[in-house]
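Novice: Before I ask anything, let me first share the structure, which is written out below as structure tokens.
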Amino acid sequence: MSIPGIHTASVSAPGKINVSLQVGPLRKDGYHSVASVYLAVSLLEDVRATAGQSGITVAVEGGGPLRIPVDGIPLGPDNLVARAAAELAHRTGRRDPAVDLLITKRVPVAGGMGGGSADAAAALMACNSLWGTGLSHTELASIASGLGADVPFALAGGAAVGLGVGDQLTPLDAEASLHWVLVASSIGLSTPGVYRRLDELRAGRNIPEPAAADPRVLEAVRSGNAAALAGVIHNDLQAAALSLAPQLAPVLDRGRELGALAGIVSGSGPTLAFLAGGAAAAADLESALRAEGHNALAVHGPARGAEVTAPADIT
Ligand code: ATP
């Protein structure tokens, strides 16, 4: 519904699971090359952009089905939505962005599901709509990769292979949905910290550059074959995340005991993702994990990328 005199644009963008993540050695520039198979899931962030007085303001509301606490998220220029809006304004010659950004968080913060990246993708699209800057998807994607390795995927959604630092995307045509149960953790893990731990764990070993995604994973995601995917799901960051958060290991075991086909740390963790055989199995697993006190949620993917949910009002 439009409110006369108020200009707003709202955009949703999905969190992601890496169903396969191979990580290369530490590069001279401080990054790691990866071969990642991304899957966008039905847990969405919303960003609402409203024409403001001056500058960029950021507010966050939390909750959602996983009851996400939002304290600790920066509300200043460091927030990824503020960086996204500032970068779009800069690239399009807009002197004062004058925008108020409201994030509705559902994806766990510092959870390894790219929530901040989804916010950045949503903010880019919301400001593009609010300001009528008319940048194409390709132009937004080029700004997105400057904001963070996972931002282009949050913009694109679906399923994709990510090479480079994860930003060189090749979309994957997935024919059927895969069903998962997420378990959110009350702790957060810093992504750079998990990569540092991985480097420590691998010290002295010769680690190859990841050249391509595992073709067995690609085939299982394309065909939506959960049983096949369960055998090949893999995350190079898992050992590092578990070494920083050992309390996750028994939860991974428990999810499997309760019927998951496979369980994995999502990205850099600590969110866990359990693969289920279908929608009903995911609902059962969600209930069983919740009954044991876990913060569990059934989701499915692929989910669509960033999209406008409410158009900018022209008054
Ligand atoms: P990754 O994309 O590396 O998997 P993540 O999902 O583990 O990241 P995020 O929730 O995206 O973690 O954010 C990690 C950190 O980034 C937070 O701890 C916070 O300090 C900072 N941050 C900046 N902007 C945001 C935002 N909009 N939402 C959440 N965190 C943000």
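A Cβ is built for glycine as well, from the same backbone N, Cα and C atoms used for every other residue.
Those TrEMBL annotations? Automatic predictions, nothing curated.
According to TrEMBL, the record shows the following:
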type     : residues                                                         : note
ACT_SITE : K16                                                              : active site
DOMAIN   : 79-158                                                           : domain 'GHMP kinase N-terminal'
BINDING  : P108, V109, A110, G111, G112, M113, G114, G115, G116, S117, A118 : ATP binding site
ACT_SITE : D150                                                             : active site
DOMAIN   : 218-294                                                          : domain 'GHMP kinase C-terminal'
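If you look at the structure here, what lies around each of the features I listed?
Specialist: Long-range neighbours of K16 (active site) (same chain, six or more residues apart, CB within less than 8 Å of its CB): Y38, L39, A40, V41, M113, G114, S117, A118, D150, F153, A154, G267.
Broken down with DSSP, the domain 'GHMP kinase N-terminal' (79-158) shows 45 helix, 7 strand, 28 coil.
Taking a C-beta cut-off of under 8 Å and a sequence gap of six or more, A110 (ATP binding site) has these contacts in its own chain: G188, L189, S190, T191.
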Novice: Check the recorded positions A110, G116, A118, D150 for any whose Cβ is under 6 angstroms from an atom of ligand 1, and report them in sequence order.
Specialist: A110, G116, D150
Novice: Measuring CB to CB from P108 (ATP binding site), give everything in the same chain under 8 Å that is also at least six residues away in sequence.
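Specialist: Result: L66, I68, G115, A184, S185, G188, T271.
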Novice: Counting across all protein chains shown, how many other Cβ atoms sit within 10 Å of the Cβ of G116 (ATP binding site)?
Specialist: 27
Novice: Which residue counts does DSSP give the domain 'GHMP kinase C-terminal' (218-294) for helix, strand and coil?
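Specialist: Helix, strand, coil within the domain 'GHMP kinase C-terminal' (218-294): 41 helix, 11 strand, 25 coil.
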Novice: Sort out the sequence-distant neighbours of G112 (ATP binding site) for me: same chain, 6+ apart, CB within less than 8 Å of its CB, listed by position.
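Specialist: When sequence neighbours closer than 6 are ignored, G112 (ATP binding site) has L189, T191, L237, A241, V265, S266, G267, S268, G269, P270, T271 within Cβ distance under 8 Å.
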